[in-house]
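The transmembrane segment annotation in TrEMBL covers B:28-49, B:55-74, B:86-104, B:124-141, B:153-172, B:192-208, B:229-247, B:253-269, B:274-292, B:359-380, B:401-428, B:434-453.
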Amino acid sequence: MSELTLTVMRLGFLAVLWLFVIVAVQVIRSDLFGTRVTQRGSRREAARPQQAARQQAAPPQQRAQQGGGGRRGRNAPTKLVVSEGTLTGTTVALQGQTITLGRAHDSTIVLDDDYASSRHARIYPDRDGQWIVEDLGSTNGTYLDRSRLTTPTPIPLGAPIRIGKTVIELRK
Amino acid sequence: MSSTSNTPTHHTSTIGAIGAPSRRNTELALLIFAVAIPVFAYANVGLALNDAVPAGLLGYGLGLGLLAGIAHLVVRKFAPYADPLLLPLATLLNGLGLVAIWRLDQSRLLQSIGVAGGKATNQLIYTAMGIGLFVAVLFFLKDHRTLQRYTYISMAASLVLLLLPLVPGLGADVYGAKIWISVGSFTIQPGEFAKIVLAIFFAGYLMVKRDALALASRRFMGLYLPRGRDLGPILVVWAISILILVFETDLGTSLLFFGMFVIMLYVATERTSWIVFGLLMSAAGAVGVASFEPHIQVRVQAWLDPMHEYVLSRTPGVTGVHSDQLQQALWAFGSGGTLGTGWGQGHSELIRFAANSDFILATFGEELGLAGIMAILLVYGLIVERGVRTALAARDPFGKLLAIGLSGAFALQVFVVAGGVMGLIPLTGMTMPFLAYGGSSVIANWALIGILIRISDTARRPAPTPAANPDAEMTQVVRPS
């Protein structure tokens, strides 16, 4: 085998090895920056036809309820943000689903907090699209601003909801 | 979006914030790449050594490709949301290891001392067994949290595994380090499996105890000092690791074992003081044991002055164990330079014993040069990074700790071996994960990757649709508006 061929192969191999590393890093990069936003958008797009089909099939009275829900104003919150506590920075998009908070593993937001009960509270939209927080009989209570919740209460935009050391709020 | 909210069907919508696409196709593409690189290397070795493409190219290439393909299909079936990088990275390292072992098999010198010859075929069989265990992990371990139930069984199992080499008649003394057991014609390194079982125990234990270890402490000079009685667990683990060092005379296992505990303790409690304590204790222990244990002293001597050892090993009439291995390895790295000599054109066979296991990194250093070694270390780094990333994404504390423990142990092992071969720390008897020749290492590390893939699948899986809650419906009806 000629010296030249071997040199070319040697350098070629190193180039291929590094190319692999670079490709792998690119995959990580897209994992870090790409997925969240595009994914959330694309999944919603994908979900739409199904939702539409389901709406077609829904009985009339349900559709009336939807009409009520569709009238939400411009001040409707679009996401729930954890602003204090170990989960700081976590956001959950509000898409009409009930959000459960607690230490139980199947909660939407699993609180890692000694002061939280396993099923501590839930946040859900009422018929008018107003988001409501309800304490689920927790030991240490759920606080909206400074007051402890006793009944399901509508959440004003940006008002802090405190559970143990965790503070969450709804944002646009 | 508002049109989709507030319908009775809203329970079926999922949360967009957590979760990622499955990325299985990315994994497949990378996997093909990861199999192609070793095939290229294999052809290169053959061309350099014998001026011909080796006859076994198709066999090894298809073998590796088939194993990788099986692993990929199993991941696709049982862990569809798993991390796309772990499998290709491990496959690449395993494949490169196969090529280097095959390349050393061709050396007449190594064949004459029985270190090489047919080892690549064995390694391919070990790889198949490793992939088999990987498949079994993914198949039987549907949820990593079931491992939590076996916390204390794991403790007992890991102690047994660590103590097995000391059992008379079972343990084998291989060049001073007693970390092997021989069953029939096989030798097994139980420490490799112990690291996985131990990670399970530490994760289960620390998950329960971490609050006590983290909260009760005094602040002193910027460090949180734990209470005396909370030092108990770290002292016990330290004592056991010292016992391993004394009786098995293996610095690697001892360091791996203690280091993994300190890493997991730090992650569980978020207290830097544990790292300070851990470093002080391991340094004190190592120095203390080295002062009276002759085998460790030999290793430290060889580390401090490899050239002196080399000269002694060549001087007739000098008694005692003197090995020129480390000096030969350093020369191998040196002669490789920046870009290496090219596959098959180095002389790393001069390392002789353990050239294809503990010292395999020297072959890469010589034939691929600094550029190649850096790429390989980066691949290791990426595996660890994906493990840590999995831990960050995991939603349950046990999974977090287990993923950190496994990737921490992996990182420590790479550090201990690479550091030993490059002369940064005294040499130990551990093997480079995936690259080095050895059944235990390959099989155990594939199981480790399997567990990481399982945790990452759980962590990256989109949140399940919340079950329709009958209470919720009732509340909505009853609530006065």
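Note that Cβ sites are derived from N, Cα and C of the backbone, with glycine treated the same way.
Counting Cβ pairs under 8 Å that are 6 or more residues apart, the transmembrane segment (B:434-453) and the transmembrane segment (B:359-380) reach 3 or more and are in contact. Most Cβ pairs under 8 A with the transmembrane segment (B:124-141) among the ranges B:55-74, B:86-104, B:153-172 are made by B:55-74. Contact count against the transmembrane segment (B:86-104) (Cβ pairs under 8 Å) is highest for B:28-49, out of B:28-49, B:55-74, B:192-208, B:359-380. Long-range contacts of the transmembrane segment (B:28-49) within its own chain (CB-CB distance under 8 A, at least 6 residues past either end) are made by residues 56-57, 60-61, 64-65, 68-69, 72, 84-85, 87-89, 91-92, 95-96, 98-99, 102-103, 106, 342-345. Long-range contacts of the transmembrane segment (B:55-74) within the same chain: residues 24, 27-28, 31, 34-35, 38-39, 42-43, 46, 87, 91, 94-95, 98, 102, 120, 124, 127-128, 131, 134-135, 138-139, each at least 6 residues beyond the stretch ends and with a Cβ under 8 Å from a Cβ of the stretch.
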